[in-house]
Amino acid sequence: MIRNVKKQRPVNLDLQTIRFPITAIASILHRVSGVITFIAVGILLWLLGTSLSSPEGFQQAADIMDGFIVKFIMWGILTALAYHVIVGIRHMLMDFGYLEETFEAGQRSAKISFVITVVLSLLAGVLVW
């Protein structure tokens, strides 16, 4: 016979006291960077279409890219893309069995992914500016 036992567990509703492990943060940021990259594709395709439409369109696209805010947004897009690719490779390596699926290995690979992303982000900053 199955009993329907309701356990009285404490409920913590204060979100500021919840600490996610680094693996959860890496996974959440991977999803966020995927959404950013998806939205950025439309913007970048519009910019490409404008630049290829005519010599005036190319000049218009070049003028758009000269602004600091646009360069900052482009740097953010490149950083999101780099993060998404690096963590995507990490997930694939784990799925194919090349990385251990232990919590410690997950933490270590997430930290390595963050470091690689910071390096690529700095390179993207040099490229954009």
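Heads up, the Cβ atoms here are built off N, Cα and C, so glycines get one too.
Proximity of distant same-chain residues to the topological domain 'Cytoplasmic' (1-26), defined by a Cβ-Cβ separation under 8 Å and at least 6 residues beyond the stretch ends, is recorded for 87, 90, 103, 106-107, 110-111, 113-114. Taken from Swiss-Prot, the feature topological domain 'Cytoplasmic' covers 1-26 (among others).
Long-range contacts of the transmembrane segment (27-52) within its own chain (CB-CB distance under 8 A, at least 6 residues past either end) are made by residues 20, 58, 60-62, 64-65, 76-77, 80-81, 83-84, 87-88, 91. Annotation source Swiss-Prot lists transmembrane segment at 27-52 (among others).
If you look at the topological domain 'Periplasmic' (53-68), the same-chain residues 6 or more away from its ends with a CB under 8 A from one of its CBs are 47, 74. For 53-68, the entry in Swiss-Prot reads topological domain 'Periplasmic', with the evidence type similarity to another entry.
Taken from Swiss-Prot, the feature transmembrane segment covers 69-89 (among others), and the record attributes it to similarity to another entry.
Residues annotated as heme binding site in Swiss-Prot: His84. Reduced to three states, the DSSP call for His84 (heme binding site) is helix.
Within the same chain, residues 21-23, 26, 30 sit at least 6 positions outside the topological domain 'Cytoplasmic' (90-108) and bring their C-beta atoms closer than 8 Å to a C-beta of that stretch. If you look up Swiss-Prot, you'll see 90-108 (among others) marked as topological domain 'Cytoplasmic'.
Residues or ranges marked as transmembrane segment by Swiss-Prot on the basis of similarity to another entry: 109-129 (among others).
Through the fold, the transmembrane segment (109-129) approaches residues 22-23, 25-26, 71, 74-75, 78-79, 82-83, 86-87, 90, 93-94, 99 of its own chain, all at least 6 residues removed from its boundaries and within a Cβ separation under 8 Å. Using a 10 Å radius centred on the Cβ of His84 (heme binding site) and all shown protein chains, the other Cβ atoms total 21.
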